[in-house]
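Novice: What follows is a single structure, and I will ask about it in a moment.
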Amino acid sequence: MAKSIIIQAPALCFLSLLGFAYSESRFFVEGKVYCDNCRTQFVTKLSTYMKGAKVSLECRNREGGTLIYSSDSETDKSGTYRIPVDGDHEEEICEIALKKSSDPDCSEVSKDPFLKKSARISLTKNNGISTPVRLANPLGFMKKKPLPECAKALRELGMNPDDVIQ
């Protein structure tokens, strides 16, 4: 009896781990959308998070850029979105992009060719991240005109407002 337990226990552990390793992957992409009240294209103390903004997740083939997976989401009252994603997308480039603003006065997306307009995320178990949650960088829409208090807020950060505000 004792010998059979000694043999069965490691076998059971091994089979459990094997099943876990080959289980279907499920990820959750989380991020925030903000209104860039200072047109700096980064979060400041004057930025506000946007309820009802729409974002899109797209995973494309690395070779030809063919769309493999797509999902849309909307932010909650804290400006946060959460997109469930089934499957491992190790061989694809996955990015979150702004789709639609919930505020007509804060709906501009930068046209600067040097700026990234999306947040790239890794949706695979083979990257050393142990949790299924993937955090994307914050994405922001810009206000049409910066708030008057932006210059002071930027000086507090040690920045020259004329160099930063677009």
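Glycine is treated like the rest: Cβ placed from N, Cα and C.
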Novice: Determine, on the basis of Swiss-Prot, the cysteine among CYS13, CYS35, CYS94 paired with CYS59 in a disulphide.
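Specialist: Of the listed candidates, Swiss-Prot names CYS94 as the partner.
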Novice: Check Swiss-Prot and name the cysteine among CYS35, CYS38 that pairs with CYS150 in a disulfide.
Specialist: CYS38
Novice: Whole-number Å distance between the CA of CYS38 (disulfide bond) and the CA of CYS94 (disulfide bond)?
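Specialist: Answer for this pair: 29 Å between alpha carbons.
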Novice: Counting across all protein chains present, how many other Cβ atoms fall within 10 Å of the Cβ of CYS59 (disulfide bond)?
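Specialist: Other Cβ atoms found within 10 Å: 19.
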Novice: Any idea what the Cα distance is from CYS150 (disulfide bond) over to CYS35 (disulfide bond), rounded to a whole Å?
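Specialist: That comes out at 13 Å between the alpha carbons.
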